[in-house]
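Participant: Here's the feature list from TrEMBL:
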type	residues	note
BINDING	N32, V34, G59, E80, D108, N126	S-adenosyl-L-methionine binding site
DOMAIN	39-211	domain 'Ribosomal RNA adenine methylase transferase N-terminal'
Amino acid sequence: MTRSEAHLLGPAEIRELADKLGVSPTKKLGQNFVHDPNTVRRIVAAGDVTSSDHVVEIGPGLGSLTVALLDTAQRVTAVEIDPRLAAELPETVAQRAPFGDLTVVNKDALQVTATDVESPTALVANLPYNVSVPVLLHFLEIFPSIERVLVMVQAEVADRLAAQPGSKIYGVPSVKADFYGDVRLAGNIGRRVFWPEPNVDSKLVRIDRRDRFDHAVRPEVFALIDAAFAQRRKTLRAALSGHYGSGQAAEDALVAAGIDPKLRGERLSVDDYVRLAR
Ligand code: SAM
C-alpha cells in the first residue's frame, strides 16, 4: 500500500464524515462527493500538480481531493460555501495529511476577490456543477497567476468548454475559456465514483494559460461575445447592431476587422472577437 492510499478518503470514510457532520448532500449546492481514491489521484496527475504549486480548490466538500492535492502541492487554499464543511476540513487534513499547508476560505466562490487567495499557481477542483462555468471564468479573470486549470465538470459543459468554432455546441463558455488559454478534454469520469451518484456524466477539462491577448480588451471582447451569442441565429450584423448602435455601424466594424457581416457568431474564433474589439 502506498502512502497515498493510506490516508485518502474511501466510501466508508466519506459516509462516516457525512454522518458525523449531519450532512445530507444537497442538490442546490451541487454536493456530490468523490469517494474513490483512484479518481482523486487521477485528477492530481492530470493537473500536473507539483511541489511548488499553490493550488486553489473550489468546493473541497469533505476533503477527498484536498487530501490528495496536499500530498503533492506545497500549499492548498480551499474555498467552500458550506460552513459545516469548511469548519471540518482542517480537522480532516490534520488527520490525513498533517504535513500539508492548508488555508480554508468559507465563502461563495463567486464572491471571492483577489485578496482572498495569495497568488495561486493552479486551479484544481471538482466544481459545483450548477455554477461551474461562472466560477471558472471568475477565477481565471481575478487570478492571472493561475497557469494551469484541471476541473471536473458535467460532461456536456466540458464538451462546450472545449468546442471549436463552427460546432453546434460552440458557445459563450468556449470562446471565453479560449481567451485565457488552451482548453482540452482530459478524461471521462463515471458516476459511481460519487456519493450520491449524480444523474449526469462527468469529464475533466484542462486549461493551460497562454496570455495571448492584452487583458485591457477583455471587457469589450466579452461584451461582443455575449451579444453575438444572445441572438445566435442572427447574422453578426444584426446581432451586434445593439452593441454598436446600428446595423450599419456593426457592419462597418466587422468589415474593418476583416469579418464577413453575414456570418453568425458561432463561426468566429476568439482571435476574431479580439480583432473586432480592437
Ligand atoms: N471536492 C469535493 C469532492 O470532490 O468530493 C466536493 C465536490 S462537490 C461536486 C461541490 C462542492 O462545492 C460542495 O462541497 C459544495 O458545498 C461546494 N459549493 C457549492 N457551491 C459553491 C460556491 N458557490 N462556492 C464555493 N463552494 C461551493
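Keep in mind that glycine also has a Cβ here, set from the backbone N, Cα and C atoms.
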Participant: How many angstrom lie between the most widely spaced Cα atoms of the S-adenosyl-L-methionine binders N32, V34, G59, E80, D108, N126?
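Facilitator: Result: 20 Å between the two most distant Cα atoms.
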Participant: Long-range neighbours only, meaning 6 or more apart in sequence with Cβ under 8 Å: which ones does N32 (S-adenosyl-L-methionine binding site) have?
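Facilitator: N32 (S-adenosyl-L-methionine binding site) has long-range Cβ partners P25, N126, Y129, F194, W195, P196, E197, P198.
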Participant: Give the helix, strand or coil assignment DSSP yields for N32 (S-adenosyl-L-methionine binding site).
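Facilitator: Looking at the DSSP assignment, N32 (S-adenosyl-L-methionine binding site) belongs to neither helix nor strand, so coil.
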Participant: Please work out which residue of E80, D108 has the most C-beta neighbours within 10 angstroms of its C-beta, and give that one of the binding-site residues.
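Facilitator: In terms of Cβ crowding, the pick is E80.
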Participant: Kindly state the mean pLDDT of the domain 'Ribosomal RNA adenine methylase transferase N-terminal' (39-211) in the predicted structure.
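Facilitator: Mean pLDDT across the domain 'Ribosomal RNA adenine methylase transferase N-terminal' (39-211) comes out at 97.
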Participant: Might you list, by sequence position, any residue in that chain lying six or more from G59 (S-adenosyl-L-methionine binding site) with a Cβ less than 8 Å away from its Cβ?
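Facilitator: For G59 (S-adenosyl-L-methionine binding site), the qualifying residues are G30, V79, E80, I81, A109, A125, N126, L127, P128.
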Participant: Give the number of CB atoms, excluding that of N126 (S-adenosyl-L-methionine binding site) itself, located within 10 Å of its CB.
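Facilitator: The answer is 28 other Cβ atoms.
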Participant: Suppose we draw a 10 Å sphere around the Cβ of V34 (S-adenosyl-L-methionine binding site). How many other Cβ atoms does it contain, all chains included?
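Facilitator: The answer is 24.
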